[in-house]
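Written below as structure tokens is the structure these notes are about.
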Amino acid sequence: MSKEKLALLRERGYDFDIKDIFLRAWQMYLKEPLQSSAFMMFIFSLQLLAILYLKDFALLQGIFLAPPLYSGFYLVANKISMKQQVVYPDFFKGFNFYIPVFSIWLIGQIITAFGLVLFVIPGIYLAVAYSFSVLMALFGGFDFWTALEESRKLITVRWLKFFLFTLVVIVINVLGIMSFFLGLLVTVPVTYYATYILFEDLTKDIFAE
């Protein structure tokens, strides 16, 4: 049923306000600022430890741990949106969806990398078009390939606007990097929350069940 509803959404079309999305993402962050930034600090700490003491395994850490960890921001965003109490362990619940989330990150990045290396433009297209793939798996219950495809098809409807949205995400996080990386403790959660809010706005009637 969800796939049919997504098809209807694509046929009907949609629009969104980028500025409004990020303003609401900031408000969402302010509801759990300490826990959001503390979790981001935890992720950074893992990455730093891997780089300093496990250099041979640093890449593996990024491949196997990053997907479920960063997915935790989406799950927390969902709880905040539903006005449910957030506790710190909620950020780690991405591990409950390890197989689909890991598969999406791995396969999606491999396909995107091939597109970038071979043709550039297809790689950029896919990098943007797969933005909702993890969310499709988490909240739509799709397997990894269906999640990738449903994300691609939905975002393609307004790809240029999603490209602008992605550019804003990049700029915000670059500003975070420029503040001696400390700004990323805020900008990364905010940009993940923004992506969730946009996804929820477009699909809340589809995945309401």
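Indices start at 1 and increase along the chain as displayed.
Cβ atoms are placed via backbone N, Cα and C, with glycine included.
Feature annotation from TrEMBL assigns transmembrane segment to 34-53, 59-77, 97-121, 127-148, 160-186.
Beyond the transmembrane segment (59-77), the same-chain residues lying 6 or more positions past its ends with a Cβ under 8 Å from any Cβ of the stretch are 28, 32, 35-36, 39, 43, 46-47, 50, 86, 90-95, 97-98, 101-102, 104-106, 134-135, 138, 188-189, 192-193, 195-197.
The transmembrane segment (97-121) shares more Cβ pairs under 8 Å with 127-148 than with any other stretch in the list 34-53, 127-148, 160-186. Long-range neighbours of the transmembrane segment (127-148) within the same chain, counting only residues 6 or more positions beyond its ends whose Cβ lies under 8 Å from a Cβ of the stretch, are 2-3, 67, 71, 74-75, 78, 97, 99-101, 103-105, 107-108, 111-112, 115-116, 154-156, 159, 162-163, 166, 195-196, 199, 203, 206-207.
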